Amino acid sequence: MEAWYIDSSKEDQRLPHHLDPPQYVTNEELARLGVLHWVLDADAYESDPDLKQIRKERGYDYEDILQVSPEKLENYETKIKNFYEEHIHTDEEIRYCLDGSGYFDVRDSKDKWIRVWVKKGDLIILPAGCYHRFTLDQSNHIKVMRLFVGSPVWIPYNRPQDDHPIRKDYIDHFLSKELSGN
């Protein structure tokens with residue numbers, strides 16, 4: 001998985017949007033924002049012991065498969081536009097890339113965008129309350145397993161949500177040290 005700060009260009013959202021020069025972000029920096037990542041064997045996802053262990057430890061007991069591409073997703077244009085609206089969720093967003101690739105953009109503590117490029121085998125967890133958005137990259141296709149604790153809840157709360165309790169929890173848990181300079 002690669003991650004980097006992005007420019008503010010309004011060009012095609014599926015482009016990498018690197019700064020000049022590029023500014024890469026480490027997995028450790030992402031972890032401080034609550035973004036977790038594993039690389040797993042996507043070809044063996046049905047029997048992968050590492051995936052089973054992660055699911056057990058984190059309580060993920062529901063899954064479904066979603067394909068995002070113009071050919072595979074009903075109402076593609078509307079849905080991809082909605083995915084790219086900046087939002088939070090009250091639960092973690094867990095995505096395991098089984099095929100293809102795409103970008104999750106997350107905000108850092110200074111409200112700058114970081115682009116996280118997920119590819120086949122990447123499992124990413126975005127914490128509840130983290131401002132983010134999703135878009136395909138130029139491959140124009142991704143197949144993901146979505147994981148949930150209990151029944152799936154996928155309600156986006158578009159920005160601004162700074163007074164939402166889950167956003168306040170996220171700030172307290174992940175951003176307060178960076179915001180205070182400690």
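The backbone N, Cα and C atoms fix where each Cβ goes, and this holds for glycine too.
Under the heading Ni(2+) binding site, TrEMBL lists H87, H89, E93, H132. The Fe(2+) binding site feature in TrEMBL is assigned to H87, H89, E93, H132.
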Which residues, same chain and not among H87, H89, E93, H132, have a CB within 8 angstroms of the centroid of the CB atoms at the recorded Fe(2+) site?
-> I88, L126, C130, Y131, R133, P156
Pick from H87, H89, H132: which of these binding-site residues has the biggest number of other Cβ atoms within 10 Å of its Cβ?
-> H132
Around E93 (Ni(2+) binding site), how many other CB atoms lie within 10 A of its CB?
-> 22
